[in-house]
Amino acid sequence: MADKIKKIAVLTSGGDSPGMNAAIRSVVRTCAYMKLECIAIYRGYQGMIEGDFKEMNARSVNNIINKGGTILKSARCEEFRTPEGRQKAHAQLLKNNIDGLVVIGGNGSFTGALKLNDEFNFPVIGIPGTIDNDILGTTYTLGFDTAINTVVDAIDKIRDTASSHNRLFFVEVMGRDVGHIALNAGVGAGAEEILIPEQNLGLDRLLDSLKRSKASGKSSSIVIVAEGDKTGKNVFELKEYVEEHLPIYDVRVSVLGHMQRGGNPTCFDRVLASRMGVKAVESLIEGKSNYMVGIRDNQLILTPISEAIKAHTAIDEELVRVSDIMST
Ligand code: ATP
């Protein structure tokens, strides 16, 4: 099996995240180091179907380790969800003599990779690239560290104006159905309250907390709201609710939006991407398939993709407790 892999392809798919370029660079350079051919597939599965391929060498990935986004572009591809679409994609892989595939993306991209393997026995390895940190089998996904640092930086700036005007700010952050960005960035930025989907504490608790905060002498407050939170109100409705029930507060809203997905990756994400890229190529060479590369206790580990896509990672309860204590 070990000498079967001669040519590896790499693609990015789904939402982009900082660190994807560093992972592409790592895959390409590891192939060069191992004397394997490497093919870049542009625009994810769409590019695979259309044969949007390019040969890469070690120099093709110069000066990208520091860049956000993905030089290979990303795409959502409906056709790949169909057996006919995957048939076309597989035909392109065969036509180009590709022996193995590294998919950098999230749950959806991994599901597609798994189907490619199921239907054509094509070797695939996944690298988790998403800012949401919601994939089982890894403590950190690529881009999460950069995203929480971006959020902390933004909240630090919001805090300056909040404290100058004695205001309460609701800051909405990304994370889809999970609260990892909200909780980590919230603790890091010293938020008074953090509303996450995993914990619906209810609006009464929010009002109580804000009352206590005012009574204890705090003049300004930051409340982080994960986009998937379960209060049943969006940030603008939360503002109205608090203004109605606690008129002492002058409330403002900030939705951080897509800025959280961009920017230069942190050193942590660059190192993680470099390590994961090496592991992905080595795993294919060793004849492994259908695994996702992850990190736990600073060790790279492989988790079957079928496990990784089963559920979201649970919230860190210890950090929830720390956040409760810190908001005293
Ligand atoms: P993000 O976490 O940013 O959403 P993702 O990888 O989960 O990233 P998706 O849009 O869910 O992003 O999936 C990316 C692509 O993977 C889809 O456009 C599609 O081509 C392919 N894909 C997703 N789900 C499936 C599926 N069930 N079967 C086949 N292909 C799929």
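A Cβ is built for glycine as well, from the same backbone N, Cα and C atoms used for every other residue.
Between the candidates R43, R159, R176, TrEMBL assigns the ADP site shared with R25, S26, V27, V28, R29, G190, A191, E192, K218, S219, S220 to R159. The candidate list G15, G175, G179, G186 contains one residue that TrEMBL assigns to the ATP site with R76, C77, G106, N107, G108, S109, namely G15. For G15 (ATP binding site), the Cβ neighbour count at a 10 Å cut-off comes to 21, with all displayed protein chains included. Look at R76 (ATP binding site): DSSP puts it in coil. E192 (ADP binding site) sits 34 Å from G108 (ATP binding site), counting Cα to Cα. Spanning the listed ADP site, residues R25, S26, V27, V28, R29, R159, G190, A191, E192, K218, S219, S220 have a farthest Cα to Cα distance of 53 Å.
Within 10 Å of the C-beta atom of N107 (ATP binding site) sit 21 other C-beta atoms, taking all shown protein chains into account. Looking only at other Cβ atoms within 10 Å, the busiest spot among the binding-site residues V27, C77, M259 turns out to be V27.
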